[in-house]
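Q: One structure coming up, written as structure tokens, with questions to follow.
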Amino acid sequence: MKVTIAHNNYDKTLETVAYLKKLLQKKNVIFDAKYPDIVITVGGDGTLINAFHRYENQVDSVRFIGVHTGHLGFYTDWRNYDIDKMVDALLLTKGQPAKYPLLEIKMLTESGDTRYHLAVNESAVKRISHTLEADVYIDDELFENFRGDGLCVSTPTGSTAYSKSLGGAVIHPRLKALQMTEIASINNRVFRTLSAPIVIAPDQWITIVPNVDHFVMTVDGARIDVRNAKKIEYRISKHSIQFDQFGHHHFWSRVQNAFIKDTEDNDKFI
């Protein structure tokens with residue numbers, strides 16, 4: 001087993017990382033930052049998502065374990081005081097990983113280039129100081145002509161992130177559905193959109209055709225300035241992000257702990 005540790009640089013995190021490294025070294029665990037089997041992240045959700053993008057080309061062979069040292073962690077199963085238990089579980093348990101759907105983003109430029117991205121949570125298309133004008137297609141059929149600040153397409157687990165703040169539904173990852181939410185759409189006698197989140201089936205796809213030369217696309221919060229894009233296609237990826245199963249909390253327990261209250265009764269959810 002080859003392991004690497006990704007972390008932020010807060011004092012509490014660095015203390016946890018130092019202890020974790022000593023513990024793994026005592027267990028004769030091999031450290032390999034280039035081709036790891038396990039990526040342990042110490043910090044919060046941002047740390048884990050950054051680590052995913054670092055290893056997204058190896059996503060089919062890498063499992064993630066998140067150690068939480070901040071205030072809120074949706075993807076991080078372990079706390080810094082559980083490190084000993086986590087390492088024992090890592091070395092003793094085998095089994096199928098918990099898998100969550102990823103978002104595949106395919107952007108075609110006017111020059112004919114194709115660019116691909118993967119997202120754990122979401123991708124948004126928007127303009128900063130002007131209205132975004134775009135045509136939205138579902139399965140290559142025109143659905144609406146959008147006018148507004150932007151559009152957000154999310155995965156099921158991403159439905160608890162930016163999409164939720166836009167009024168989107170929270171979706172269980174077993175559904176493997178895409179959700180699109182509007183960002184401040186313009187609706188009047190001239191411009192009309194659905195003005196509600198939409199959820200589409202796993203075998204469907206959403207295409208956004210911008211009617212502007214310049215806009216911003218975000219992928220898990222990372223900003224990309226885009227010029228002369230012909231269209232952006234979103235679909236559920238054939239790849240998944242994989243988490244080590246031991247200690248992995250059920251989805252609705254995560255939602256409850258993140259947004260409603262703390263609970264120790266995690267087994268009541270499936």
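Even glycines carry a Cβ here, placed using N, Cα and C.
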Q: According to Swiss-Prot, Asp45, Gly46, Asn121, Glu122, Arg147, Asp149, Thr160, Ala161, Tyr162, Ser163, Lys164, Ser165 bind NAD(+); so which of Ala33, Ala98, Ala134, Ala184 is the extra one listed there?
A: Ala184
Q: Roughly how many angstrom lie between the C-alpha atoms of Arg147 (NAD(+) binding site) and Asp45 (active site, proton acceptor)?
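A: Given the Cα positions, Arg147 (NAD(+) binding site) is 32 Å from Asp45 (active site, proton acceptor).
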Q: Tell me whether Asn121 (NAD(+) binding site) sits in a helix, a strand or coil according to DSSP.
A: coil
